Amino acid sequence: MTPPPPKRQKRDEYRKATAEATSQSGASDVAEIKLPKKKYYRQRAHANPFSDHHLKYPLSPAHMDWSSHYPAFVNPDPSHINLAGARRLLKDVEVVDIGCGFGGLLIGLAPLLPESLIVGMEIRVSVLEYVTTRIQALRAQQQKLRAATATATAASETPSQQQAQIDGKQANANAAADAASPAPSTDTEHMPTTLVPGSYENISAIRSNTMKFFPNFFARHQLSKIFICFPDPHFKARKHKARIISETLNAEYAYALRPGGLLYTITDVEEYHHWILRHFGVELGAEEESEEKSTSPNANANAGVRELFERVSEEELEKDECVRVMKEATEEGKKVARNKGNKYVAVFRRKTDPEWPA
């Protein structure tokens, strides 16, 4: 009797079978296209951002090849290429999810922002492979459903009415699915019954170390939204330097954000929430308060951050659908809701660059 295969072999076999099933776009049964299961893509919760990972990154934003990530948005004119010789896109990437994890926010934002290109940045290999496979499966599902809908529409006597009915159901069905779908269903979800705006062609994920190479991917004022959802809190004081929110990184985020752009943050750790507010100049720490009282020369240490960002009011956040998706669609957000924990949200708007003094 042969022993059962080891876990690593089972994971590799499952991943290979899933990739083959997704790539076979000519299959007749759309129900065969299933989303990947997380249990075959397990990895440690942390990755050291200071290690020298084997990462590929462009020399500059003008050298980045986005054509393989967004094939539906590639410029049809082959003469339009970037400095690396890759095909250009019809539009630039303008929404970034830093530390995208298993891609819950990407999936939730895709139908909400169908005209915007969204990218997730993740440093862990297995997690990125899961997200990539998940996006490919969702695209294949939408492609099959779109073909089936087109066939049914052609055979119908009133195609315009049928298409209008389908288009009218898209937004409501997708919003209801995002709000009501439980976390376990994301691993076993089968073929959807309605088309999704954008067909998930506007989302992708890349492996990158944001703390080191963020400016290599995005040009000045390129982005309209940046999401940092449930980042690693790094509780130990000696690990605080690895936090994704810092004065140095905030300056890089401000460089890539266009004036009026938004930076979204959410965490379930209250101490980290106050850390975020302090590093965006909204709150003062104990040392800064004492320096401010003593009129020390270092009292304006966060003056630069205050000139670049302002906090968005709670009234505006209640009207922002991206905040709802950030709370409900992410895997960490669902876990916090199951555990009845608190979610601390802070959104900051990029100010207009101050004018040079005359």
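Each Cβ is built from the backbone N, Cα and C atoms, and glycine gets one as well.
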Worksheet item: For the S-adenosyl-L-methionine site that Swiss-Prot assigns to Glu122, Ile123, Asn209, Thr210, Cys229, Thr330, Glu331, Glu332, which of Gly99, Gly260, Gly304 is also named?
Response: Gly99
Fill in: Recorded S-adenosyl-L-methionine binding residues, Gly99, Glu122, Ile123, Asn209, Thr210, Cys229, Thr330, Glu331, Glu332 - maximal Cα separation rounded to whole Å
21
Worksheet entry | Distance, Asp232 (active site) to Ile123 (S-adenosyl-L-methionine binding site) (CA atoms, angstrom) | 13
Response to the item:
One should report the C-alpha separation between Asp232 (active site) and Thr330 (S-adenosyl-L-methionine binding site), rounded to whole angstrom, as 15
Worksheet item: Are there any residues in the same chain, six or more apart in sequence, whose C-beta is under 8 angstroms from the C-beta of Thr210 (S-adenosyl-L-methionine binding site), and if so which?
Response: Pro49, Ile98, Gly99, Met121, Ile123, Ile244, Leu249
Worksheet item: Of these recorded positions, Asp232, Glu332, which scores lowest on Cβ atoms within 10 Å?
Response: Asp232
